[in-house]
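What follows is one structure encoded as structure tokens, with my remarks underneath.
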């Protein structure tokens with residue numbers, strides 16, 4: 001009891017408490033001599049469980065320094081890469097263990113943003129409300145956010161697909177649904193399409209269709225009536241029509257060319273040698289050339305346009321041959337884009353063509369006499385069509401044209417079209 005009382009008296013003394021606290025503080029700031037074992041430290045170390053060693057601290061110590069984040073210097077990775085290294089494709093192993101296979105990653109220059117703009121949502125809602133389809137959605141175009149978004153209404157470009165969403169042909173590159181007996185045409189579609197476009201206030205629109213080999217005229221009269229309705233409701237809008245080949249019926253081609261459209265487009269899709277392997281068996285490179293020639297013959301002031309995909313296995317000589325034939329057919333505009341496989345059911349990509357190669361073919365096309373060439377990995381037939389034509393082709397052609405043809409008044413009326 002005496003001992004306990006003495007200890008209580010010491011702790012109750014302020015002077016003793018201060019000296020004790022000071023000695024404890026000093027003890028924590030001084031390092032004990034490692035040669036002298038401490039019974040208290042030994043007991044505490046045995047009482048506390050040891051943490052497992054991790055390599056996190058080692059990774060930090062061996063990690064990048066501040067100089068690694070600075071450009072320049074004499075480091076090997078600071079040098080400028082040549083195009084072969086910069087555009088080198090990366091691969092990855094995917095699949096379960098033991099069954100992994102190597103795939104080629106999508107190049108960085110082919111990646112796009114997810115569409116989320118207000119203009120995109122508005123156009124999509126209007127399309128659904130009127131029961132209209134677009135090739136942008138059906139063909140899974142990677143540029144939909146850019147084209148539908150647009151910096152303004154007049155800058156936005158929509159590509160409306162007429163005559164339903166089911167095609168009678170089955171090209172190996174296309175993701176549009178196919179059937180031998182697609183649904184019948186909607187008689188209200190021309191009026192609904194014209195109403196939607198006049199409401200949106202777009203400066204440029206691209207109209208395209210599925211192939212309808214089940215119809216006698218291939219749907220040309222339905223297509224022409226739609227153009228006429230649009231020009232009646234929105235005469236200032238520029239209309240580009242991407243048509244099929246109408247099974248080689250050049251009378252239907254002339255009917256479309258005289259409907260009041262501004263640009264007549266028909267895609268050859270690829271070089272002549274690869275056409276049987278890429279397009280439907282009913283499609284033919286020479287037939288496509290005849291379609292483009294017939295459109296120009298029907299309306300000489302009309303702008304004609306075609307598009308080709310790269311990365312299908314075409315050779316340089318085959319490309320030269322295709323361009324020479326297109327120029328001989330007086331085609332005004334050509335576009336080049338990278339083929340991208342929609343699903344595993346479609347033909348695989350033979351090659352991801354580098355952006356500098358697209359630039360090379362653009363320069364070559366312009367040197368051959370094409371009025372305009374859009375060329376790039378993400379370029380599609382209607383990619384930024386309004387911007388390109390307004391600035392580079394259409395205004396120039398209209399300025400040079402004089403007479404009634406320059407006004408582009410339709411030569412036929414809806415009542416004159418015999419169904």
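Heads up, residue numbers simply count up from 1 along the chain you see.
A Cβ is built for glycine as well, from the same backbone N, Cα and C atoms used for every other residue.
Annotated transit peptide per Swiss-Prot: 1-26, in sequence order, evidence recorded as sequence analysis. Taken from Swiss-Prot, the feature region 'Disordered' applies to 28-61, 399-419. Per Swiss-Prot, the feature compositional bias 'Low complexity' maps to 28-47. The annotation [4Fe-4S] cluster 1 binding site is assigned in Swiss-Prot to 136, 141, 147, 382 on the grounds of sequence analysis. For 150-371, the entry in Swiss-Prot reads domain 'Radical SAM core', with the evidence type sequence analysis. Taken from Swiss-Prot, the feature [4Fe-4S] cluster 2 binding site applies to 167, 171, 174, supported by sequence analysis.
Positions of the features from Swiss-Prot, shown on the structure.
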residue: 167; record: [4Fe-4S] cluster 2 binding site; Cβ within 10 Å: 23
residue: 171; record: [4Fe-4S] cluster 2 binding site; Cβ within 10 Å: 20
residue: 174; record: [4Fe-4S] cluster 2 binding site; Cβ within 10 Å: 20
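Taking the mean position of the Cβ atoms of 167, 171, 174 as the [4Fe-4S] cluster 2 site, the remaining same-chain residues with a Cβ inside 8 Å of that point are 169, 170, 173, 175, 176, 178, 210, 211, 280. Across the domain 'Radical SAM core' (150-371), the model assigns an average pLDDT of 92.
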